[in-house]
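One structure below.
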Amino acid sequence: MNNIVVFPILIPFIVGLVMVIFRNNIQVQRWLSVFGVVAIGFVAVLLMNQIRSEGIQTLQLGGWQAPFGISMVADMFSALLILTSSIVAFACLFFAFNSIGKERESFYFYPMFLFLLTGINGSFLTGDIFHLFVNFEVMLIASYVLISLGGKKVQLRESIKYVLINVISSFLFLVAIAYLYAVTGTLNLAHLSVRVAEVGQDGLLTVVAILFLIVFGLKAALFLFFWLPGSYSAPPTAVAAIFAALLTKVGIYAIFRMFTLVFYHEPQITHLLIGIMGALTMVLGAIGAVAHWDIKKILAYNVIIAVGFIIAGLASFTSAAILGSIYYLIHDIIIKALIFLLGGTVIALAGTSKLNEMSGLIRNHPYLGWIFFIAALSLGGIPPLSGFIGKVYITQGTFEAGYYWLGAIGLITSLMVLYSIMKIFMNGFWGETALSKDMEKGTTKGLMFPIALLTVATIALGVGAEGIHVYIDIATQALLNPSLYIEAVFGGEPMP
Amino acid sequence: MKKIKSNDVMLQTMTRLLAFVILAFSVYIFFAGHNNPGGGFIGGLMTASAFLLMYLVFDMKSMKKVIPFNFTSIIAVGLLIAIGTGVSTMLLGYPFLTHFFEYIPTPFLGEVGLTTTLPFDLGVYLVVAGIALTIILTIAEDDK
């Protein structure tokens, strides 16, 4: 029993509620939200060190023994993701302070931001499939509000699509849970793992697994990503950044959890299917990223490519590939937030998101330009930066598993990612200076701090990859050995 | 809101009576939840329906005077109460959301089964009533 496990959920929830009461005092809301996010990061570090020294931490809510109550489980994978997401949330909050505008702030922007974190952290920590569903809904409802808050025409149009697709996928999620419950008779993830291993993953369970894959594929934009480019270009920059950084990653986390813990018995069916979906995601996403001349669209398609690439690691299912996936997942959360914040700033400066209507921003904004260059290299996976090490491990893993085509597609799409993002750099920052300083539509005042913070984070993650290797290695071991998870949840008690 | 015409005497008199019956029944259902069908969710919905009946029959302005609450804050307070029951037992060293049930002798009612789930349910009750009224009143005031 370790109550610290629920703190990453409780802190943003309680802070958000207090902010609802202090609705009109925006200054209080800002400070409270910063306090909440910093506290989550602190708790995540605490948890990581506990997990490192004592193994996976669990909490049985209400003191009910494992399969009967809800178990909260913090393994290294979830703790790392919580820490990363709190860093990104911190940066996006500071970006929002200077860019989101008073009318959004006074209509519960910060409470919704923290409720979004509540759902995300809850999804990372839960050990129960239905509780995972509930946390998904907490996250999604907060994201519905954030995507439509402000009420611009484009936001309203895209939020209808976004809500519709997520309602359908949530319905499928419930149906999948119902099937799984009918077959196994339990909802606890660890107990599910035991039950599935006992009966063997027969045809029916594989069908349920594929239904889960479709559900989480809709959430994570894995192949079923048709809703994503429109939805992620509608909300304001700070919101789009947190969406791009975290929402699809929760779906990826769920795929990882389900297919390493529960449905790992038929990899030649499920994991091959995951690999094919990942490859198609990468190819289609890369085509989209290269084809568009609109910054928002290019960035949204980059989110999709990364999803395919991370999933390629899971499909290979070797220890190197999983290691690479975790590295790349952490890198991708940070870099996607950074690149969306940069893209939003560029759009604010130029007053347009069309690449062929802007040029020469680097003359007036050298720091912004070179930071964008660093972010582009990191996104492409150039060695000293953070995207490199994950790419190496995933490629190594795909080759080890014999999926040469998957590795090759990953490498080719990396090139296309680099091309698409350099297209923004070369068209937006180089060339004739189209706008003089006072003709610009926005400023970078106050926006550079979060951008710089995330840049430092991506450089540190690349240079200091050795430093966090021990944590990521623990996470990989836990993902590859479901018995560790099961033992931690049941804690030596007899299993019914 | 349109001004209600003055010849609604029947409706208004009956509402004065019925609102109390509905409110009393919603409170009964709220307390019955532990051993019988009922609980915070349905109790909160019924309370909201009693208020809604009053909002329908009397006009907005006089209702604002009778019920001077901000329903959005009630949602937050309800959630804080619900989560407070979990946090308070956590601070005593039990797992989060541990609940206790005990028969306690009280002066007038004799031995009463009291449980810490009741404050949790009270939170649910406040949240449901607050949300239902917020939704309805926000839509009703939309034309202004």
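Using the three backbone atoms N, Cα and C, a Cβ is placed for every residue, glycine included.
Per TrEMBL, the feature transmembrane segment maps to A:6-24 (among others). Long-range Cβ contacts of the transmembrane segment (A:6-24) within its own chain (Cβ-Cβ under 8 Å, at least 6 residues beyond either end) map to 32-33, 35-37, 39-40, 43-44, 47, 59, 61, 72, 82, 106, 108, 110-115, 117-118, 121-122, 124-125.
Sequence annotations record features per position, and here TrEMBL assigns transmembrane segment to A:31-48 (among others).
TrEMBL lists A:68-95 (among others) with the feature transmembrane segment. If one looks beyond the transmembrane segment (A:68-95) by at least 6 residues along the same chain, the residues whose Cβ comes under 8 Å of a Cβ in the stretch are 5-6, 8, 30, 33-34, 37-38, 40-41, 43-45, 47-48, 51-52, 56-62, 110, 113, 117, 120-121, 124-128, 131, 188-190, 237-239, 241-242, 245-246, 249, 253, 256, 326, 329-330, 333-334, 337-338, 341, 344, 446-447, 449-451, 453-454, 457, 468, 471-472, 474-475, 478-479, 484-485, 488-489.
Within the chain carrying the transmembrane segment (A:107-126), a Cβ under 8 angstroms from the stretch's Cβ atoms is held by residues 5-6, 8-9, 12-13, 15-17, 19-20, 23, 29-30, 32-33, 36-37, 40, 70-74, 78, 81-82, 85-86, 89, 92-93, 96, 100, 132, 134-143, 145-146, 149, 242, 246-247, 250, 253-254, all 6 or more beyond its ends. The annotation transmembrane segment is assigned in TrEMBL to A:107-126 (among others).
The annotation domain 'NADH:quinone oxidoreductase/Mrp antiporter transmembrane' is assigned in TrEMBL to A:128-416.
The list of residues near the transmembrane segment (A:132-151) in space but at least 6 beyond its ends in sequence, with Cβ under 8 angstroms from a Cβ of it, reads 101, 103-104, 107-109, 112-113, 115-116, 118-120, 122-123, 126, 158-159, 162-163, 166, 170, 173-174, 177, 219, 231, 234-236, 239, 243, 247, 250, 254. According to TrEMBL, the transmembrane segment annotation covers A:132-151 (among others).
The transmembrane segment feature in TrEMBL is assigned to A:163-183 (among others). Residues 129-130, 133, 136-137, 140, 144, 192, 204-205, 207-208, 211-212, 214-215, 218-219, 227 of the same chain lie 6+ residues outside the transmembrane segment (A:163-183) yet bring a C-beta within less than 8 angstroms of a C-beta in it.
Residues or ranges marked as transmembrane segment in TrEMBL: A:203-228 (among others). Long-range contacts of the transmembrane segment (A:203-228) within its own chain (CB-CB distance under 8 A, at least 6 residues past either end) are made by residues 136, 161-162, 165-166, 168-169, 172-173, 175-176, 179-180, 183, 196, 247-252, 254-255, 258-259, 262-263, 266, 269-270, 273-274, 277-278, 280-281, 284-285, 300, 303-304, 307-308, 311.
Look at TrEMBL and you will find A:240-263 (among others) tagged as transmembrane segment. Remote same-chain residues near the transmembrane segment (A:240-263) are listed as 77-78, 81, 85, 88-89, 91-92, 95, 113, 116, 120, 123-124, 132, 136, 139, 143, 146-147, 189-190, 192-193, 196, 201, 205-206, 209, 212-213, 216-222, 228, 231-234, 270-271, 274, 296, 299-300, 303, 307, 310-311, 314, 322, 325, 329, 332-334, 336-337, 340-341, 344, 479-480, 482, 485 (criterion: CB distance under 8 Å, separation of at least six residues from the stretch ends).
Annotation source TrEMBL lists transmembrane segment at A:269-291 (among others).
Long-range neighbours of the transmembrane segment (A:333-355) within the same chain, counting only residues 6 or more positions beyond its ends whose Cβ lies under 8 Å from a Cβ of the stretch, are 81, 84-85, 87-88, 91-92, 95, 99, 233, 236-238, 240-242, 244-246, 249, 293-296, 298-299, 302-303, 306, 361, 365, 368, 371-372, 375-376, 378-379, 386-387, 421, 423-424, 427-428, 434-435, 440-444, 447, 450-451, 454-455, 457-458, 461. Taken from TrEMBL, the feature transmembrane segment applies to A:333-355 (among others).
Residues of the same chain lying 6 or more positions beyond the ends of the transmembrane segment (A:402-426) and with a Cβ under 8 Å from any Cβ of it are 275, 278-279, 282-283, 285-286, 289-290, 295, 298, 301-302, 305, 308-309, 312, 315-316, 339, 343, 346, 355, 369, 372-373, 375-377, 379-381, 391, 394-395. Annotated transmembrane segment per TrEMBL: A:402-426 (among others), in sequence order.
Per TrEMBL, transmembrane segment is recorded for A:447-472 (among others). Listed as Cβ neighbours of the transmembrane segment (A:447-472) (distance under 8 Å, sequence separation of 6 or more from its ends, same chain) are residues 48, 52, 76, 80, 87-88, 90-92, 94-95, 98-99, 323, 326-327, 330-331, 334-335, 337-338, 341-342, 345, 367-368, 371, 374-375, 378, 383-389.
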